[in-house]
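Asker: Here it is, the structure in full.
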Amino acid sequence: MKSEKISKSAHRKDEHLALAKASYQANQANSFDDLRLTRPTLPETVVTPDSIRTTMFGHTLSAPFFINAITGGSNKGQEINAALARVAKKANIALALGSANIVAHEPATLKTFTIARAANPDGMLLINVNPGTPLATIKLLINELRPAALQIHVNAVQELIMPEGDRDFQWLNKMMQIRDAVDLPVIVKEVGFGFDVKSLRLLEQNGFNYVDVAGSGGTDFAWIENFRRPGRDMDYLEGIGIPTVEALLTARQTNLTYFASGGIRNPLDVLKSMVLGASAVGISNRFLQEYNQNGEAGLLKLVTNWQDQLAGLVALFGGNDLADLKKMQFDYRLR
Ligand code: FNR
């Protein structure tokens with residue numbers, strides 16, 4: 001059998017896909033379990049899909065949750081991006097592609113990302129890079145993909161565990177240069193370790209407007225990278241992240257516009273995130289594993305079920321629209 005030559009970066013991305021599957025635990029307990037919403041016994045509302053309609057960066061979407069950054073750069077990544085884009089189109093939700101930094105040193109991988117634009121010509125796409133991605137690459141990606149926004153991922157824990165990872169975590173100036181050079185909203189995004197108040201304030205003071213808190217409680221890249229690491233001797237960093245609910249409560253104290261992600265398991269977690277003030281909610285591994293198990297049709301069914309159920313929950317908790325969620329009462333027990 002002819003074996004295809006695959007670069008180190010593409011191989012790493014395929015390993016992430018495989019290990020995300022190995023590490024996935026359906027309905028894993030997390031910080032959302034400790035957040036209780038007060039439900040009115042007499043909601044005086046009606047269930048309607050209109051209640052969850054939203055606009056994001058100029059796009060009208062059927063739901064405030066989106067498929068968050070997963071992959072690209074390999075053949076498998078290309079197949080997944082095409083399928084995710086078709087699902088996003090049919091369900092009218094946004095899709096964030098995985099990091100496209102690989103395009104800077106392997107230009108042929110561009111097609112593993114542009115396939116998503118071809119599959120959904122008018123849909124809302126976000127692209128994802130790291131603070132060191134060259135500006136020329138970012139501009140090429142913007143021209144080819146016409147994204148609504150740019151995610152820059154910050155992932156110090158992951159980099160430290162990777163033997164080949166970045167050892168220079170001075171990212172703020174690099175991100176400011178990117179932000180000032182592009183004509184798009186820039187979202188600074190973690191990858192499952194959350195944000196602390198000091199870092200959020202630093203972003204705010206330096207003119208950033210958007211963050212994706214990407215807290216812990218779902219995919220744990222400390223586990224994934226430790227598994228890939230020779231000797232597997234940094235397992236003590238597993239679980240080091242700031243839980244998503246705590247990161248959201250912290251973001252509430254700032255003037256940033258924030259997205260929720262990290263360990264979103266079901267429509268109730270989406271609702272709770274919105275109650276905590278998130279403007280939209282990203283899901284990665286739950287959707288990836290549905291695609292792995294039940295294919296594109298299975299994922300589309302899950303997404304449309306979530307839309308129906310979220311509309312039900314908005315009414316159940318006494319809301320007529322997403323704005324009403326911000327007024328709901330909640331109670332959080334610190335563990
Ligand atoms: C990711 N994630 C991610 N994030 C990012 O900013 N750029 C990336 O390229 C990737 N790649 C990636 C691959 C795979 C296989 C997974 C599962 C995840 C992180 C992702 O966007 C998200 O922040 C975390 O996974 C936490 O969310 P979930 O998975 O708990 O919903």
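All residue numbers here begin at 1 and follow the chain in the order shown.
From the backbone N, Cα and C atoms, a Cβ is placed for every residue, glycine too.
Because TrEMBL annotations are produced automatically, they should be read as predictions rather than curated entries.
As listed in TrEMBL for this protein:
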- Arg12, Lys13, Gln158: substrate binding site (BINDING)
- 20-106: domain 'FMN-dependent dehydrogenase' (DOMAIN)
- Ala69, Ile70, Thr71, Ser99, Asn128, Lys189, Thr219, Gly263, Ile264, Arg265, Ser284, Asn285: FMN binding site (BINDING)
- 156-327: domain 'FMN-dependent dehydrogenase' (DOMAIN)
- Glu159: Mg(2+) binding site (BINDING)
Asker: On a simple 10 Å Cβ count over all chains shown, which one of the binding-site residues Ala69, Ile264 is most densely packed?
Answerer: Ile264
Asker: Which one is it, among the binding-site residues Ala69, Thr71, Asn128, that lies nearest to Lys13 (substrate binding site) by Cα separation?
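Answerer: Nearest by Cα distance to Lys13 (substrate binding site): Thr71.
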Asker: What is the maximum Cα to Cα distance, in Å and rounded to a whole number, among the residues Arg12, Lys13, Gln158 annotated as binding substrate?
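Answerer: Across Arg12, Lys13, Gln158, the widest Cα separation comes out at 13 Å.
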Asker: What are the DSSP helix/strand/coil residue counts across the domain 'FMN-dependent dehydrogenase' (20-106)?
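Answerer: Summed by class, the stretch gives 33 helix, 17 strand, 37 coil.
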Asker: Quick one, of the binding-site residues Asn128, Ser284, which Cβ has the fewest other Cβ within 10 Å?
Answerer: Ser284
Asker: Mean pLDDT, the domain 'FMN-dependent dehydrogenase' (156-327)?
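Answerer: Here the predicted model's pLDDT, averaged over the domain 'FMN-dependent dehydrogenase' (156-327), is 98.
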Asker: In sequence order, which same-chain residues at least six apart have a C-beta under 8 angstroms from Thr219 (FMN binding site)?
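Answerer: The list for Thr219 (FMN binding site) reads Ala20, Ser23, Tyr24, Val191, Gly192, Gly262, Gly263, Ser284, Asn285, given in order along the sequence.
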Asker: Going along the chain, which residues six or more apart from Gln158 (substrate binding site) have their CB under 8 A from its CB?
Answerer: Gly165, Val191, Phe193, Phe221, Ala222, Glu225
Asker: Grab the FMN binding residues from the record (Ala69, Ile70, Thr71, Ser99, Asn128, Lys189, Thr219, Gly263, Ile264, Arg265, Ser284, Asn285) and give me their largest CA-CA distance in Å.
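Answerer: Answer in Å: the longest Cα-Cα distance is 23.
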Asker: Distance between the residue listed as 'Mg(2+) binding site' and Thr71 (FMN binding site) at the Cα atoms, whole Å?
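Answerer: Spelling it out, the Cα of the residue listed as 'Mg(2+) binding site' and the Cα of Thr71 (FMN binding site) are 17 Å apart.
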Asker: Roughly how many Å lie between the Cα atoms of Ile264 (FMN binding site) and Arg12 (substrate binding site), rounded to a whole value?
Answerer: 24
